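Copied from TrEMBL, the annotated features are:
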DOMAIN    110-207  domain 'Microcin J25-processing protein McjB C-terminal'
Amino acid sequence: MVLNLQTDTYQVVMDISITDLNTALRDHPNKGELQIVEALREIGAIQETCSTYDQVEPVKLDGFFEQRWMTPIVETVQSDQRHHIRSLFEVIRAGLMMPRTSLGRIAKSLTHNRTLHEAAAISNESNFEQINNLMCSLNKAFVWDFSGNKCLTYSYALVRLARRRGIPAKLVIGVRTRPFFSHAWVELHKQVVSDAATLKQSLAVIMEV
């Protein structure tokens, strides 16, 4: 199985001989216009899955892509205009970066970001209130997201915004293989703040930074 967590896609390629594959391609009536993925589907070499992720809106499948994530519901607050501008900047920055980056680079970027701002850490009592305010601003700015990977982009932007204000938020990525599902979220003091609190019960964490 080949996984691409950046685009949340997967391909399951069965044990099939080159001879069988070539025969299927050669004998297909539309071989001149046939895409390789269509041939693999027809002979059972690639399988698709449906997500069982719990959400308000129905899952919309488009090929191997699942559009399923929504911004978190947070308490609306009156926030500073500067927060909206900073949130918009982070959304655009992440949108430009995501198609050309990797999980390794994301981890390295956030590790450096954590080192720069860890000295400004504020008290635990105000952390959750502060991150709620940040999510409120980020939700408004997120209409400008064009990354194609909403949960990862949102989480990355939120962690950067939080650490800039001394809040020790963490980006976490988890996966499930059968059926395949990958997801990114933000945790603060070991609590999920940007998504369902029970995520870790159904997903195996592969990155936390």
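Every residue, even glycine, has its Cβ placed from backbone N, Cα and C.
Across all of the domain 'Microcin J25-processing protein McjB C-terminal' (110-207), the predicted model scores a mean pLDDT of 84. The DSSP breakdown of the domain 'Microcin J25-processing protein McjB C-terminal' (110-207) into helical (H, G, I), extended (E, B) and coil residues amounts to 51 helix, 23 strand, 24 coil.
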